[in-house]
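Below is one structure, written out as structure tokens; comments come after it.
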Amino acid sequence: MNEWTPIAKKYDPLKAGSIDGTDEEPHDRAVLRAMLSRYVPNKGVTGDPHLTLFVSRLSPQTTEEKLKEVFSRYGDIKRIRLVRDFITGFSKGYAFIEYKQENAIMKAHRDANKLVIDQREVFVDFELERNLKGWIPRRFGGGFGGKKESGQLRFGGRDRPFRKPINLPVFPHQFNSESRGEKRHRSRSRDRSHDWRGQRRDYGRDRDRGIRRPEKERPYTKDDKEQNAEHTKRERSREQAKNDKDKEKKDSKRERSRERDYRKHRSDEHNR
């Protein structure tokens, strides 16, 4: 627990679907399937992974031309790869779109998610296969959480910081060490740390609203365990409901911050 960070340094399917990244047991069969899977990234894939967008939940009728028509509104496209079945040639329902400029991919990531194309609401995120060590695709049970309707603890599917665990104390030296460590994370980690700091403040408010700590030591009973489990369940439900309510309001501000920090990060890399 002391090594908890809001940003995943490598992909762990057990923690990927968790709200706070502290789960110790798989909560559904998809997570278990991902834990047992072994995925080797395609080394034949070309292009800049930091300028590549992942688009899924596409209609079988959606073509490369349709994708170009829709996504070219955000900027100049360098390459589109609609993944097809090797035997039948039919679309597998997902594609990769590489842009020429950083501001184009940031704009598409911000505005194109949940866009309706050919009567299907699509899912859009940055490519993670070449950017996150140990990545397991959703078709093998991986990814970052499914739909809310599927009962996932951490739904939405997009790469984002974990919520701070309610039983994790915060000390100044830990905060400083975490901040220094985040600077060494993969591309786009800085902007996600801003979200973590905001969520830290949310955690403080939740704690003020009712988390009580024992005044003195006493034996830990079965009733205590059941009460703690029920309390944790209520807190998770409350945070999940609050996250739903605030998501739309925070998205715009979050993406603007992401775009500024990501552009600065890429500029620093080019100057090295």
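Note that Cβ sites are derived from N, Cα and C of the backbone, with glycine treated the same way.
These come from Swiss-Prot:
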DOMAIN    51-129  domain 'RRM'
COMPBIAS  146-162  compositional bias 'Basic and acidic residues'
REGION    146-272  region 'Disordered'
COMPBIAS  190-272  compositional bias 'Basic and acidic residues'
COILED    221-258  coiled coil
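DSSP states for the domain 'RRM' (51-129), grouped as helix (H, G, I), strand (E, B) and coil, give 22 helix, 30 strand, 27 coil. For the domain 'RRM' (51-129), the model gives a mean pLDDT of 93.
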